[in-house]
Amino acid sequence: MNKKSIRDVDLKGKRVFCRVDFNVPMKEGKITDETRIRAALPTIQYLIEQGAKVILASHLGRPKGQAVEELRLTPVAARLGELLGKDVKKADEAFGPVAQEMVAAMNEGDVLVLENVRFYAGEEKNDAELAKEFAALADIFVNDAFGAAHRAHASTAGIADYLPAVSGLLMEKELDVLGKALSNPERPFTAIIGGAKVKDKIGVIRHLLDKVDNLIIGGGLAYTFVKALGHEIGLSLCENDKIELAKEFMQLAKEKGVNFYMPVDVVITEEFSETATTQIVGIDSIPSTWEGVDIGPKTREIYADVIKNSKLVVWNGPMGVFEMTPFAEGTKAVGQALADAEDTYSVIGGGDSAAAVEKFGMADKMSHISTGGGASLEFMEGKELPGVVCLNDK
């Protein structure tokens, strides 16, 4: 990575405005999944050890520019204190006199959590005045929020106009792993692209067709490709306006010598529920009143075989509606194949794929699970991320 990180700067006694991604799911004021808080710990601990005054900023939910009581970061600050085993202070504002006073009272190694930055309308507009207010609290800006790196907001990008800007350890790791995967991959390199919609994955499929040896397609978006081959797909998800594009992608794969894998059999159902009756049919035999909801057993075997023989696999998007038990087997099988593949470096591209490997208890068997759904997708599309571009070069 050619951007400076916290390892490249002197932090002792410095006030550090560290943008983290503490956007954790909450239920009735309780955190239901603290993965993102834990992911930020190495950076926070490093800052503490180096004698910095650690000022943490994050968003939580979508308060739309106003204070929303249940989206305050108070429970997050409390949990962070428990995880760090030290007193963590919480400010009720993200800038201004109250925050400045609390920062002025900090000693080296102290940790302060600012209020939800999205309580202020200027945050998502990347307002220069708000960015200046944030910058006034600190000497150095650290961006460790890879999950928000694709956003040009005041606390992720704008603030870098007024302070020296470096990456945290999590951001550095994400950029290293994803960057290496795209610029210098070990081969065979396989991408698994799933999820519901072709339109969400157009950019990533197009970009990866130039990089990969194998492209595996699954999830709801597969049926647009199946229809492009001339098969009937019943009531399965289909984007009719993307059928020509699907044909174009299959043709491109052929021209570039990329092995393009699609389902050969699918799990179908007539109702969308936990107790649904399902059948397994070949891809050319979906009845008109049924819909495809998962990849079938033959497809799972083929995909597992490709995975096993790959050196690098990037996975973005589930193979079926994994949230419901009858439609979860395909996604589980892909996860299992990655967990079992000893010589394969597996990169899970955040979002639903990350949720799936967590759900099936396979997370610790994956080489790298990205903390950014949208950010990792845009990175894999070859786009520049505003929260990265703004950091100082080495």
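Including glycine, each Cβ sits where the backbone N, Cα and C put it.
Annotated features in Swiss-Prot:
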- Asp21, Phe22, Asn23, Arg36, His59, Leu60, Gly61, Arg62, Arg118, Arg151: substrate binding site (BINDING)
- Lys201, Gly292, Glu323, Gly350, Gly351, Asp352, Ser353: ATP binding site (BINDING)
- Ser183: phosphoserine (MOD_RES)
- Thr299: phosphothreonine (MOD_RES)
What kind of secondary structure is Asn23 (substrate binding site) part of, going by DSSP in three states? coil
Densest Cβ environment (other Cβ within 10 Å) across the recorded positions Asn23, Thr299, Ser353 belongs to Ser353
Pairwise CA distance, Asn23 (substrate binding site) versus Gly350 (ATP binding site), rounded so that it is a whole Å: 14
Please identify, among the recorded positions Thr299, Glu323, Gly350, the one with the smallest Cα-Cα distance to Ser183 (phosphoserine). Gly350
Rounded to a whole number, what is the top Cα to Cα distance in Å among the residues the record ties to ATP, namely Lys201, Gly292, Glu323, Gly350, Gly351, Asp352, Ser353? 24
Inter-residue C-alpha distance, Lys201 (ATP binding site) and Thr299 (phosphothreonine) (nearest angstrom): 21
An 8 Å radius from the center of the Asp21, Phe22, Asn23, Arg36, His59, Leu60, Gly61, Arg62, Arg118, Arg151 Cβ atoms defines the neighbourhood of the substrate site; name the other residues of that chain inside it, in order. Ser58, Asn116, Ala148
Spatially speaking, which of the recorded positions Thr299, Gly350, Ser353 is closest to Arg118 (substrate binding site)? Use C-alpha to C-alpha, please. Gly350
For Gly292 (ATP binding site), just give me the three-state DSSP call. strand
Sort out the sequence-distant neighbours of Asp21 (substrate binding site) for me: same chain, 6+ apart, CB within less than 8 Å of its CB, listed by position. Arg36, Ala39, Ala40, Ser58, Asp144, Ala145, Phe146, Gly147, Ala148, Thr371, Gly372
Assigned conformation of Gly351 (ATP binding site) - DSSP reduced to three states: helix
Look at the binding-site residues Glu323, Asp352 and tell me which residue has the greatest number of other C-beta atoms within 10 angstroms of its C-beta. Asp352
